[in-house]
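Here is the structure we will look at, set down as structure tokens.
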Amino acid sequence: MLNKLSRLLADAGISLTDHQKTLLAAYVDMLHKWNKAYNLTSVRDPNEMLVRHILDSIVVAPYLQGQRFIDVGTGPGLPGIPLAIVLPDAHFTLLDSLGKRVRFLRQVQHELKLENITPVQSRVEAYPSEPPFDGVISRAFASLNDMVSWCHHLPGEKGRFYALKGQLPGDEIASLPDNFSVESVEKLRVPQLEGERHLVIIKSNKV
């Protein structure tokens with residue numbers, strides 16, 4: 001698996017240390033094993049996980065600004081855990097309402113010795129934002145409107161929303177509330193992944 005991961009990273013132009021590659025491969029191995037009992041992801045093949053979960057997460061890293069992030073609806077830790085591995089100086093709160101997912105996240109934290117993640121079982125509307133976050137990340141929300149509505153209390157004054165989407169969501173962008181605007185849309189290149197991927201970066205317009 002390490003060889004395939006190295007080839008994918010090279011194709012994507014991403015440079016990581018051997019330790020980071022080992023951690024990413026170990027995470028995929030854990031996800032594959034736990035998935036059989038916990039049904040954490042519909043992706044069953046570890047090689048496919050490398051593309052659809054690992055690469056698809058870490059291509060976002062260059063666009064993140066700040067040190068404190070929250071991954072809302074993280075599920076089995078996506079994109080939060082891969083991002084935490086490639087950005088060791090940043091901290092990621094991994095938020096999910098389902099206990100079995102959070103148990104898996106805590107086991108990953110323990111086995112991989114990841115000190116820059118905090119798994120939390122909570123609904124997003126009940127989770128306090130003290131202190132506020134530099135970035136709110138998610139690939140779980142059905143729409144951008146849902147994301148800013150449910151998570152509006154989480155980012156700080158200069159914080160951003162980072163939404164991972166497939167095709168460019170023009171209708172969703174057009175229907176954003178007036179107090180939010182799109183700062184940029186980045187087309188993401190994920191080797192061996194079919195279909196388009198975009199990162200939509202949203203800021204609050206409040207003064």
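Using the three backbone atoms N, Cα and C, a Cβ is placed for every residue, glycine included.
Residues annotated as S-adenosyl-L-methionine binding site in Swiss-Prot: Gly73, Leu78, Val124, Glu125, Arg139. Secondary structure at Gly73 (S-adenosyl-L-methionine binding site), as computed by DSSP, is coil.
Contacts of Arg139 (S-adenosyl-L-methionine binding site) defined by a Cβ separation under 8 A and a same-chain sequence distance of 6+ are given as Gly73, Leu78, Pro79, Ala163, Leu164, Lys165, in order along the sequence.
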